[in-house]
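K.L.:
The active site annotation in Swiss-Prot covers GLU15, SER150, SER281 and is backed by similarity to another entry. Taken from Swiss-Prot, the feature domain 'ATP-grasp' applies to 101-303, supported by sequence analysis. Per Swiss-Prot, the feature ATP binding site maps to 134-189. Annotation source Swiss-Prot lists Mg(2+) 1 binding site at ASP257, GLU270, citing sequence analysis. Residues annotated as Mg(2+) 2 binding site in Swiss-Prot, with sequence analysis given as evidence: GLU270, ASN272.
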Amino acid sequence: MTDKIAVLLGGTSAEREVSLNSGAAVLAGLREGGIDAYPVDPKEVDVTQLKSMGFQKVFIALHGRGGEDGTLQGMLELMGLPYTGSGVMASALSMDKLRSKLLWQGAGLPVAPWVALTRAEFEKGLNDKQLAEISSLGLPVIVKPSREGSSVGMSKVVAENALQDALRLAFQHDEEVLIEKWLSGPEFTVAILGEEILPSIRIQPAGTFYDYEAKYLSDETQYFCPAGLEALQEANLQALVLKAWTTLGCKGWGRIDVMLDSDGQFYLLEANTSPGMTSHSLVPMAARQAGMSFSQLVVRILELAD
């Protein structure tokens, strides 16, 4: 008898709609691969009852808080249910851009200069030291909540007088916010599947940066896979991504986003331990380039679950 698989989708985070699309695609792909899979939306179903409902494994197609941040992973561990993707600690660290950057920096890996602020600091009013640190980043900067995905709450700031509004928006989504030096690009993403690093993808958004609309709604965003890098550059990028991935303790599958600045240096942006699996999504695109169908990809991800 085959295992009964729960595909967790939807949820309650800011990325619910993306997750519903990801989950529907994953469900179809698993069923095409002969897997006995069923959709489960934690917003509507008590996921603490998954075991009593007869499920033996879980495919996590949730994005953002409550699905990608270690909390769900911890619950599944306590229940003794194998699940896809990274464990508790790696999921929590990857969801937290600030702590990811601190770990990467500590490991000697390249990250863009940044300033971190708490909501309390912002509401109190920034002191001269903080203002000087922000000023040292130059303009433009990118302002982002530390623990949101899909570019939710993110803004590019090109003029000093726009910074307050950008911070206000970011603080609507998190207690901690990053102000990062703007890197001119292009942006790359590299997917990891088990021990295999898939071909890199170069991302060319129509707008100024790769925001929520460019990721999920726009047909004008262009993706290049293979990315067009020279062999040595591709090898260097893959080596950097592998170090970034293992530094956070990630496993199973996921994605690391990287920027190539005008100085020819790669800089790590963030790790995604439960990436999108929609029609616009990048892991399926990289897998396709590596000769793997969508169904083969999701079945392989499930096989890696522990």
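Cβ coordinates come from backbone N, Cα and C, glycine included.
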K.L.:
Could you list the residues of the same chain, at least six apart in sequence, whose Cβ is under 8 A from the Cβ of LEU169 (ATP binding site)?
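P.N.:
Listed in sequence order, they are VAL143, GLY153, SER155.
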K.L.:
So of ILE134, VAL141, ALA162, LEU183, which of the binding-site residues has the fewest other Cβ atoms within 10 Å around its own Cβ?
P.N.:
ALA162
K.L.:
List the Cα distance (Å, whole number) between ALA162 (ATP binding site) and SER281 (active site).
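P.N.:
ALA162 (ATP binding site) and SER281 (active site) have their Cα atoms 31 Å apart.
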K.L.:
Please name which of the binding-site residues listed here, ILE134, GLU148, LEU183, ASP257, is nearest in space to ASN272 (Mg(2+) 2 binding site), Cα against Cα.
P.N.:
ASP257
K.L.:
Using a 10 Å cut-off on Cβ-Cβ distances across all protein chains shown, tell me which of the recorded positions (SER155, ASN272, SER281) has the largest neighbour count.
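P.N.:
Comparing the recorded positions SER155, ASN272, SER281, the most crowded Cβ belongs to ASN272.
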K.L.:
What is the interatomic distance between the Cα atoms of GLU270 (Mg(2+) 1 binding site) and GLU148 (ATP binding site), given in whole Å?
P.N.:
11
K.L.:
Looking at the recorded positions listed here (GLU15, ASP257, SER281), whose Cα lies nearest to that of GLU148 (ATP binding site)?
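P.N.:
For GLU148 (ATP binding site), the spatially nearest of the recorded positions is GLU15.
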